[in-house]
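Asker: Below are the features listed in TrEMBL for this protein:
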- 1-23: signal peptide (SIGNAL)
- 65-190: domain 'Corticotropin-releasing factor binding protein N-terminal' (DOMAIN)
- Cys73-Cys94: disulfide bond (DISULFID)
- Cys117-Cys154: disulfide bond (DISULFID)
- Cys196-Cys218: disulfide bond (DISULFID)
- 198-320: domain 'Corticotropin-releasing factor binding protein C-terminal' (DOMAIN)
- Cys250-Cys277: disulfide bond (DISULFID)
- Cys290-Cys331: disulfide bond (DISULFID)
Amino acid sequence: MAPTFKLQCHFILICLMALRGESRYLEVSDYPVDPSHLPVLREAVDYDPFLLFSANLKRELPGEQLYRRAMRCLDMLSLQGQFTFTADRPQLHCAAFFIAEPEEFITIHYELVSIDCESGDFLKVFDGWILKGEKFPSSQDHPLPMTERYIDFCESGLSRRSIRSSQNVAMIFFRVHEPGNGFTLTIKTDPNLFPCNVISQTPNGRFTLVVPHKHRNCSFSIIYPVVIKISDLTLGHLNGLQLKKSSAGCVGIGDFVELLGGTGLDPSKMMPLADLCYPFHGPAQMKIGCDNTVLRMVSSGKHVNRVTFEYRQLEPYELENPNGNSIQEFCLSTL
């Protein structure tokens, strides 16, 4: 795995592993930041980082009471419930990442907030994820402008008591100076009939992405090197399959799917590896040895576009011993 990616996304990788009961060493340098909103967030924990993942995470089951637990300064949550953060000392650089199933929205509801905005405390919700200055979804693919993706409690108060994400990921970042102050949030999920931008919780899976007569771009992100197999693609025109070199590929056609690979979180900063410009039935498989793999559908809004694909994480020996035709410009890929 590239060293740059370890610095940028290792926190997310570790958290996703923790959701499946595994653990790895946590390496954290900088934290999510937008220069127009707050200074760079840096390492804030002075305790063993493994403590971030020591609690047993669980999903709320039908018939059970609402799940409740304390929120940590650095946290990752994949479940519905009520979460309370209470500062035991000044906590200046905190963030919590939320991830739901691909077909779900996330709603963050303020139950109680006790922070001192005038003394420099803040509590901000971001619609998506941001890490090391890279955002998902990218500004090109999100339906809202960047200024509207930030909801600042110190500016809006309880006038916006509930905030719903536009996809299956969201996050908060916060600062609390006074011990005893904090907040309580309730996290719930709602069905998303046409999920557009998704981060996969797991390195293996199967998904169908549908864009129904909407002029928008939708990305499915897998933060692992993977083999991805596209079994069905429905578009509104007929063209060809091209591996991207220096040509424009499918750009300008209006409706197509592209495969991207990179070392960060933002699809707009990743390298296009292949374009699929025509509808087909039957497997088209690609091995992508990048740290992050994205399938991105570009839709003109004139058609109902649909793509079905499955993916699995590459084994170490597959990364060490590639075979087939390689794309060497950016990272290991074979078609």
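A Cβ is built for glycine as well, from the same backbone N, Cα and C atoms used for every other residue.
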Asker: Count the other Cβ atoms sitting within 10 Å of the Cβ of Cys94 (disulfide bond), across every protein chain shown.
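Answerer: Cβ-Cβ neighbours of Cys94 (disulfide bond) within 10 Å number 22.
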Asker: Return the single residue from the disulfide-bonded residues list (Cys117, Cys290) that has the minimum number of other CB atoms within 10 Å.
Answerer: Cys117
Asker: What is the interatomic distance between the Cα atoms of Cys250 (disulfide bond) and Cys218 (disulfide bond), given in whole Å?
Answerer: 16
Asker: Give me the DSSP three-state residue breakdown of the domain 'Corticotropin-releasing factor binding protein N-terminal' (65-190), ordered helix, strand, coil.
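Answerer: Here the numbers are 15 helix, 67 strand, 44 coil.
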Asker: May I ask for the distance between Cys277 (disulfide bond) and Cys290 (disulfide bond), taken between their Cα atoms and rounded to an integer number of Å?
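Answerer: Just about 22 Å between their Cα atoms.
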Asker: Here's one to test understanding: among the disulfide-bonded residues Cys73, Cys94, Cys196, Cys218, Cys290, whose C-alpha is closest in space to the C-alpha of Cys117 (disulfide bond)?
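Answerer: With Cα distances computed to Cys117 (disulfide bond), the winner among Cys73, Cys94, Cys196, Cys218, Cys290 is Cys94.
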Asker: Measure from the Cβ of Cys154 (disulfide bond) and count the other Cβ atoms within 10 Å, all protein chains considered.
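Answerer: The answer is 15.
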Asker: Calculate the distance in Å between the alpha carbons (Cα) of Cys94 (disulfide bond) and Cys196 (disulfide bond), and round it to a whole number.
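Answerer: Approximately 28 Å lies between the Cα of Cys94 (disulfide bond) and that of Cys196 (disulfide bond).
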Asker: For Cys196 (disulfide bond) and Cys290 (disulfide bond), determine the Cα separation and express it in whole Å.
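Answerer: Between the alpha carbons of Cys196 (disulfide bond) and Cys290 (disulfide bond) there are 22 Å.
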Asker: Using C-alpha atoms, which one of the disulfide-bonded residues Cys154, Cys218, Cys290 comes nearest to Cys73 (disulfide bond)?
Answerer: Cys154
Asker: For the C-alpha pair, I'd like the distance in angstrom between Cys218 (disulfide bond) and Cys154 (disulfide bond), rounded off.
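Answerer: Cα of Cys218 (disulfide bond) to Cα of Cys154 (disulfide bond) measures 32 Å after rounding.
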Asker: Can you tell which of Cys250, Cys277 has the least company, meaning the fewest other C-beta atoms within 10 angstroms of its C-beta, among these disulfide-bonded residues?
Answerer: Cys277
